[in-house]
Structure formats: structure tokens, C-alpha cells
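**Student:** Taken from TrEMBL, the feature signal peptide applies to 1-21. Residues or ranges marked as domain 'BAAT/Acyl-CoA thioester hydrolase C-terminal' in TrEMBL: 219-404. Annotated active site, charge relay system per TrEMBL: 245, 321, 354, in sequence order.
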């Protein structure tokens, strides 16, 4: 059971409930026993694995009962304003003096993201040498209790399998990330926490590529699919594939053309059906790749034939994506012309950038990519954060509908 934790300050009671939760779950931050009308700053601080510190804060005034409820009360300033129950997380930003162009990512999913929530007197913007009136630590997890993490090296794969608790078998998800490479596990861990056996796959920097110097081909993804399909804890006839950015093209390619992979559905976020990069420009001192092949080619031979797609597709795009021409791709009419547009579900979000991730994670408008170039991703922080929350909720619903909603198949109830 994940419980509320309370620490008593000079005369305050500060609580975060639940104090331990999944990263996509909301919490309630409550200050009580303050003097009526007392002005305070509620501050969050996280020390990331790469040694950087991130903070967010809101300015509040206690009501007549001496209470501030972040889920109900207005912040009048800080890194967010208005009623923002999760503003202390999604508005996290590097503390003053940090390196430029940072992006928050949790790489070790077996440990929680620890966030210190504190109360300060007055409406503060600088917190060095300030006295905390109360403080509590909240834990944000990607792995729910009972989720198993299993490294996979069979058949030259570089991957990690996450299995939900319970006997199974569970529907499977093949989870691919973007062009930065590495084995990124946090989305797969969270998917397993919601009842899906998820295989996080490194396809740009796997051990076989580092050994041979050669990029993997289609059979690498088919091998990963067959690994999931044949696993005793996985329902082999109910497998989805997810792609973000660069890997959306791979996801679509395998869904359309592979004779091995018979996907139940696919999810593509912030991507296009083209692989060639031809033009790059600069804006805000950051690289923009979205003009690489605009306008979208009309020659069918230059694109993946999405008209041949036979499984449901969830397409998620940010309309301010500055990295890929995802909004323009979403407007392509190939599926409509081919008569299979009924398979398409499109989520298009205004003022939203490229990096649409699980909810409440900090938004990066631009960040350093592969330690070489700064890339402009786009998006307004508030709108982008709203989009992440909505897209994740609808992604889970889409997966449940297409992987669990079959005869004699009931989605599991997750108890935390």
C-alpha cells in the first residue's frame, strides 16, 4: 500500500498523497494549519541521475482555514499559474546555473524519481539559503509492485522485457524509441505496470551493431517480435508495436510489409513515413529537421504504402513539432484514398512539440541531441503537458481496446 506521508513544520502540516505512486498518477499536495491569508511558496526539487537538479514552484495564499490544496487552489506565480494539480512536476526546469539544453530522462527504472516537496514563507523565486517550513519526499515509479524486469540477449537482441505481475499470458508491446539510440526502458516499464508485456528494444546501438559496425535490418525486428510471440507469459496473437520519432517509419514499415509480424495494432508518435533527411535549418540556435522533405511527396514510390495497412493505427502528432513534419504527414490522404482510413485514429495537439512522452514529465522545447547538436523540438510548456496527459490516457485505452477487448479476454485490474 502506498500511503500519505506527513511532516510537521513549525506550525504547518504538509502532506503528499499518495507519497509513492506511478509517474502517470496524480497526487494531492496539501498544506494545513497555516495562518489564514499566509503567503507561501510550494517548491519541488529533484536530483536526476545525471547529476543535475530540477525545480518547480507555485505561489499560494492560505484560505480562511489555513489550508492550501494544490489540486484546487490557484498559483499566482512561479513556474506555473492557475489551478495545476501536477504543476510541481510538469513545470520542473533546471535550477539556475545549470548547463544549457538539458532534457530530463529516467534511465534506471528500478529506482524511483524522488521529488522533495517543500514549503517556504512568502512568494519566493530563489531558494538557496531559504528556510523550509516543512518538507516531504514523494516517490514516482515506472515499475509497479510485482513488475519484473528481464534483460534479453537471445538471438543478438539488445532488449529488456517487462512483465506485469500475475500468471498471464499478457498482450505484448514491442517498444521502439527515436534516433538517439540506447536502450530506453521507462515507457516499457510503465506499460507493464498497466498490464502489457513490453519489450524495450535498442535497434540503433545494439551490441550486434557495435560488434559488426552494421545497422540492423528488418529481420532484427522480426526476431524481437518472435521472441515476444513465443514467450510463455505473452499472448502471441495479441501484439502491438509502438514507435516514436525515427522509429515510426520502422513501425509502419514492419506493420505494412513484414510477412512475419502480424500486429494487432500500432502506435506512432511524432513521426513520418519517410526516412531520408535532405534539409536542416537553424532557429533559436537549434537545428530543425521538419523541413527535411516538405512538401510531403505525392509520388507513392517515395513513401510507405500506408494504404496497405491492415491493423488499427493510433497516430499522435504535435502541431508545433519542429523536428519532424509529423502534422503534414498526418494530413496525408493515402489511407483515405485506399479505403482503410477507418483503421486510423488521429490525435493532433495544438502548440505541442515533438517529444510527447508519458504524463507529468518536464517539457523540453530544445535539448542537446547525442551530445553533438542542439535540436529544437517545439511546443508550449502548458499545452505540451496537457497533450502528454491526454495522449497517454488515450494510448492506454487504444491498446486495451485492440489487445484486451477480445472474446473471453478481460483487462486486468491494477491495484497499487
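Each residue, glycine too, has its Cβ placed from N, Cα and C.
The structure displayed is predicted, hence computed values, not measured ones.
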**Student:** Average pLDDT across the domain 'BAAT/Acyl-CoA thioester hydrolase C-terminal' (219-404)?
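**Tutor:** Here the predicted model's pLDDT, averaged over the domain 'BAAT/Acyl-CoA thioester hydrolase C-terminal' (219-404), is 86.
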**Student:** Could you check the active-site residues 245, 354 and say which one's CB has the most other CB atoms within 10 Å?
**Tutor:** 354
**Student:** In angstrom units, rounded to an integer, how far apart are the Cα atoms of residue 354 (active site, charge relay system) and residue 245 (active site, charge relay system)?
**Tutor:** 8
**Student:** Rounded to the nearest Å, what's the C-alpha distance separating residue 321 (active site, charge relay system) and residue 245 (active site, charge relay system)? Just drop the number here, would you?
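**Tutor:** The Cα atom of residue 321 (active site, charge relay system) is 10 Å away from the Cα atom of residue 245 (active site, charge relay system).
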**Student:** Inside 10 Å of the Cβ of residue 321 (active site, charge relay system), count up the other Cβ atoms and send me the figure.
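**Tutor:** That number is 30.
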